[in-house]
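Features of the protein shown, as given by Swiss-Prot:
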ACT_SITE  CYS75  active site, proton donor/acceptor
ACT_SITE  CYS185  active site, proton donor/acceptor
BINDING   ASP12, SER13, TYR44, GLY45, ASN76, THR77, THR186, HIS187  substrate binding site
Amino acid sequence: MSINDKPIGFFDSGVGGISVLKEAFKLLPKEDFLYYGDSKNAPYGTKKVEEVKALTSNATDFLMNKGIKALVVACNTATSVTINDLRENYDIPIIGIEPALKPAVELKKGGKIIIMATPMTLAEKKFANLMDLYKETEDIEPLPCPGLPELIEQGIVSGDIIYNYLKDKFSKYDNEKISSIVLGCTHYPFIEETLKEVTHNKACIIDGSFGTSRELKRQLKNSNMLREENRVGKVTIFNSREDKDIIDLSYKLFNMK
């Protein structure tokens, strides 16, 4: 098999990275994708750094053994902790994801920018470096959201439980003063509609899925690795939990409008 026809690997701590996979498939409809969700060990955002590194390495090896030509680490926590190590250890294009703070700043709406993310993402040096670029001129507030990925892993993406969780998190803010909400975890786009409801649709909601997918396409094009055959690609999903329910949920989220 030529390298152009090999699949693209996607990895996340669970089902969250499917939000990025959806964007990538829209942008690269001829490509085949292999998605590995580590729901057995989710969430990563409250684990120790060394544990996240080991789990990420295991997932990467799983996908490498399936012959992928590129890897998207569709997990903010894993990106912040392991992306440099992965690029040193594997000789394929590796694309990570980080909170889309730059697009939020470039909107120039002038209000508060809230970054929803896991505690580990917000505690890592990679995030601190990102904050340093803008904190002098922008009103940016990190908002740790422990427990939210776990709800989404159970398939709870709407209804009273999600509404009340978000209502509690945003109760300290004046919705009129929020200009943007950055979704700093790939699980969060699945609760975007409820987030709009809680914040009365006042804020612009931004995630990094499109930017990451665009970077994937750019790197594949520059390396002459894009698939040339004119056909519709396919998506195959694996999960460390190895049960039908989590696979069914994964495909349901992938097909969610």
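Even glycines carry a Cβ here, placed using N, Cα and C.
Feature map: annotations from Swiss-Prot on the structure.
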{"residue": "ASP12", "record": "substrate binding site", "CB count, 10 Å": "31"}
{"residue": "SER13", "record": "substrate binding site", "CB count, 10 Å": "32"}
{"residue": "TYR44", "record": "substrate binding site", "CB count, 10 Å": "27"}
{"residue": "GLY45", "record": "substrate binding site", "CB count, 10 Å": "29"}
{"residue": "CYS75", "record": "active site, proton donor/acceptor", "CB count, 10 Å": "36"}
{"residue": "ASN76", "record": "substrate binding site", "CB count, 10 Å": "34"}
{"residue": "THR77", "record": "substrate binding site", "CB count, 10 Å": "31"}
{"residue": "CYS185", "record": "active site, proton donor/acceptor", "CB count, 10 Å": "29"}
{"residue": "THR186", "record": "substrate binding site", "CB count, 10 Å": "31"}
{"residue": "HIS187", "record": "substrate binding site", "CB count, 10 Å": "30"}
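CYS185 (active site, proton donor/acceptor) and ASN76 (substrate binding site) are 6 Å apart (CA-CA, integer value). Calculated from their C-alpha atoms, the gap between TYR44 (substrate binding site) and CYS75 (active site, proton donor/acceptor) amounts to 9 Å.
For the recorded substrate site, residues ASP12, SER13, TYR44, GLY45, ASN76, THR77, THR186, HIS187 set the reference point as the centre of their Cβ atoms, and the other residues of that chain within 8 Å of it by Cβ are GLY14, GLY16, GLY17, ALA42, PRO43, CYS75, ALA78, THR118, THR121, PRO149, CYS185. THR186 (substrate binding site) sits 6 Å from CYS75 (active site, proton donor/acceptor), counting Cα to Cα.
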